[in-house]
C-alpha cells in the first residue's frame, strides 16, 4: 500500500434553514388580525476533524476528498423550529497538520494542539416572522433566509508522532538498527535508498517502559534542493524529542565521516533550523568493520573537529554491540524530559 502523508480535501458546511412565514388567526376579525407564528430555521451542520491514534496514514483521503455536512431544515408554523443540520466528523491520524490550501495558513496540529477541530462552520439559521411580531400582531419584516455554510479547501500533512527520530546518509545502518530493536521491519540491503518511506517502530525496554522510533529515508547532499528522498520526509522529525544522527564509520566509498556529518547538518539547517536545535546524538555505526583502535581514532577525530558537546555512541547494529546500552540511555532521556 502506498504511503500517503500529504493530501487535499474539501469541506462544505451545511446551509442554515430559512425562517417560516405563517399566521395564526386571532380574535373575531380573523381576516384583519393575524398573529405571526412562523419559526426559525435550523443552523447548518459543521465539519470537524477528529484526531484518531488508531489511524497512521492519509490513504483513506486518496479516494474520499469531499465532506459535506447537513443543511438546517426550514422553520415551520406553530413554533416548530427547523432541525439542525447533521455535523460531519472526519477522522485523521494523530499528528496531522491542517492548513488552508490557498494561503498555507496553519489551522492546527491534530493531537498536538487539537484533538477536535472545526474546519467549516455551518450557516446561521434564518428567522421566522414570529421573531418579528409586535404587540399589535403586525409584522412588517416577514422572515429571513439562512446563511450559506463555510466552504474550505484544506491541506492535510501527516507528521509521524515518535519520541525518537533517526536520520543520516543512505546505507548508514538505520534500518538494520530499527529492525533489531523494534517490531518494525524496513527493507535492508547493500544499496542506497532501501528505505523509501518512513517507518515507525515500538521499542519495549521492559514491561512498563517503551518509546516510539521513526526511521526516514536517507538524506544526501543537495537534498534541500530536491535531490534524493529524505528531504520530503524530514517533517516527520519535527515532533521528536530526540534525534539520532547515524554515521557509517567505515564507508565503502572511502568518504570522510566528518564531511558526511557536516553535509547532513547543512541540509537539515537548510530545511528547518529548529531541527538543528533539537537534542541530537551522534551514533557511529558499523564499528565491527574496523579494528577497535582505528574506530576510536576516527571517532575522536570527528568529535574534536566538530567541537561536539552532545552525546555520542559507537555501535554495531549487525552484532548488537552497545545497542542495548543506547536504548536504555534513550529511555532515560525521554523519561527525564517528559516528567521535567
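Glycine too: its Cβ is placed from the backbone N, Cα and C atoms.
Per Swiss-Prot, the features are as follows:
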- 168-175, 193-197, 215-218, 285-288, 316-318: GTP binding site (BINDING)
- 175, 195: Mg(2+) binding site (BINDING)
- 1-161: domain 'Obg' (DOMAIN)
- 162-335: domain 'OBG-type G' (DOMAIN)
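Location within the structure of each feature annotated in Swiss-Prot.
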residue	record	DSSP class
168	GTP binding site	strand
174	GTP binding site	helix
197	GTP binding site	coil
217	GTP binding site	coil
286	GTP binding site	coil
316	GTP binding site	strand
Least surrounded among the binding-site residues, given as 171, 175, 316, when other CB atoms within 10 Å are counted: 316
Entry from the binding-site residues list 174, 286 having the most other CB atoms no farther than 10 A: 174
Set of same-chain residues at least 6 away whose C-beta sits under 8 angstroms from residue 168 (GTP binding site): 174, 218, 219, 245, 246, 247, 248, 264
C-alpha spacing of residue 217 (GTP binding site) relative to residue 175 (Mg(2+) binding site), in angstrom: 9
